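Copied over from TrEMBL:
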| type | residues | note |
| --- | --- | --- |
| TRANSMEM | B:21-41 | transmembrane segment |
| TRANSMEM | B:53-71 | transmembrane segment |
| TRANSMEM | B:92-120 | transmembrane segment |
| TRANSMEM | B:126-153 | transmembrane segment |
| TRANSMEM | B:160-183 | transmembrane segment |
| TRANSMEM | B:195-217 | transmembrane segment |
Amino acid sequence: MRLSGRNLKCVRGGREVFSDLDLSATSGEALAVTGPNGAGKTSLLRVLAGLLVPAEGSIALEAGDAELSLAEQAHYLGHRDALKPALSVMENLSFWREFLGGETKDAGHCLAAVALDHAAHLPAAYLSAGQRRRLSIARLLSVRRPVWLLDEPTSALDAAGQAMFIGLMRDHLASGGLIIAATHLPLGIDARDLRMGGAA
Amino acid sequence: MSALAALIRRDIRIALRVGGGALIGVLFFLTVTVLMPFAVGPDLALLSRLGPAILWLGALLASLLTLDRLFTADHEDGSLDLIVMSRTPLELACAAKALAHWLAAGLPLIIATPVLGLLLNLDGTATLAVAATLLAGTPALTFTGMIGAALAVTLHRGGLLLAVLVLPLSIPVLIFGVAASQAAISGPLPFGTPFSILCALSLASLVIGPFAAAASLRHGLD
């Protein structure tokens, strides 16, 4: 599987965020998108996720499922955690697992993998920022999607959480997935660097 | 299908929990209807003539009250991004959300109607007629309201805009809803004529609403 973008240009609010951007990533490979604040890292991920329409350029996923679009084969982990405070941890995860569909794993196992199984019945409103992030990560595990688009994935995670997430990313790459992550911190896995915006 | 069932279940569950919209709508409906006899005065004949109109206006405003959160809540916490990206067509997801909203916020209004009919001096037939027209007409309110909710999703303070956008669209529903109720109570028109038009309005909005809402959500995301 190979994800490639050619000559991408993104315009938001009349301002050019980035242009002439080429990128590619193949199965088992991670791409770390770095750059200063406002360089367009989040915009790039949202373009890849199909949530923004690029002003120019094209995105292609080769050797993926021909029936599905890139967005339908991708997980997007954004700044916002997509959790409902009124629902319990388990209800939140079960909903996304059922709604996203496809190849799914047992929700209990996924909660255990992110060390949240003790809080399964707690309303999500009571979770800390780090725990909310862990629950979002459990969503990536519960439904299999080959492409992971991660926006600052390790923000709010403690040291143990970061180590846990590095392990999960390694497993994902080893199983033939690919990762594109916008990050300020080192990802902790072997990743190619895609530098955006301004002088380094 | 299980994806849509999961979405409907989740939205109903949220609406029924503390801070959800289901109870607020019914309470608002109750308040408006209870206040009316005090404002109109103790003229029983006048009350029963105004009854269907009061119940319909109350239901209209109550359903509008919670409608602005239909997509805004999902937009604010990022759920909408994932719904747009998912393998479920956005049109069907919109229809499922509207259906869940109607089940959680619209259906309780209809169940409350017989109780409120008593306060407005409506007899059994009249109450039944109003409840039947609400049952046939409120889906139209929800599904056309959904279009406004989708348009207002990226705007802050979109709630007021929603009212301005949606209320004109609900005028036909209001006209035929009240006309059908009046026809059942006092004639001379047969109940079936305006009631059929009301059903037609609901069916049309059931088809148009999800497509229009999905289109405006796709263009409104940023």
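Note: Cβ is positioned from N, Cα and C throughout, glycine not excepted.
Note that TrEMBL annotation is computational and uncurated.
These figures come from a predicted structure and were not determined experimentally.
Tertiary proximity for the transmembrane segment (B:126-153) is limited to same-chain residues at least six positions away from its ends with a CB under 8 Å from its CB atoms, namely 48, 51-52, 55-56, 59-60, 63-64, 67-68, 70-72, 75, 80, 94-95, 97-98, 101-102, 105-106, 109-110, 113-114, 117-118, 159, 161-162, 165-166, 169-170, 173, 176-178, 180-181, 184-185, 191, 195, 198-199, 201-202, 204-206, 208-210, 212-214, 216-217, 220. Between the transmembrane segment (B:160-183) and the transmembrane segment (B:92-120) there are fewer than 3 Cβ pairs closer than 8 Å, counting only pairs 6 or more residues apart in sequence, which means the two stretches are not in contact. Nonlocal intrachain contacts for the transmembrane segment (B:195-217), taken as residues 6+ away from its ends with a CB within less than 8 angstroms of a stretch CB, comprise 71, 80, 84, 89-95, 98, 132-133, 136-137, 139-140, 143-144, 146-147, 149-151, 153, 172-173, 176-177, 180, 183.
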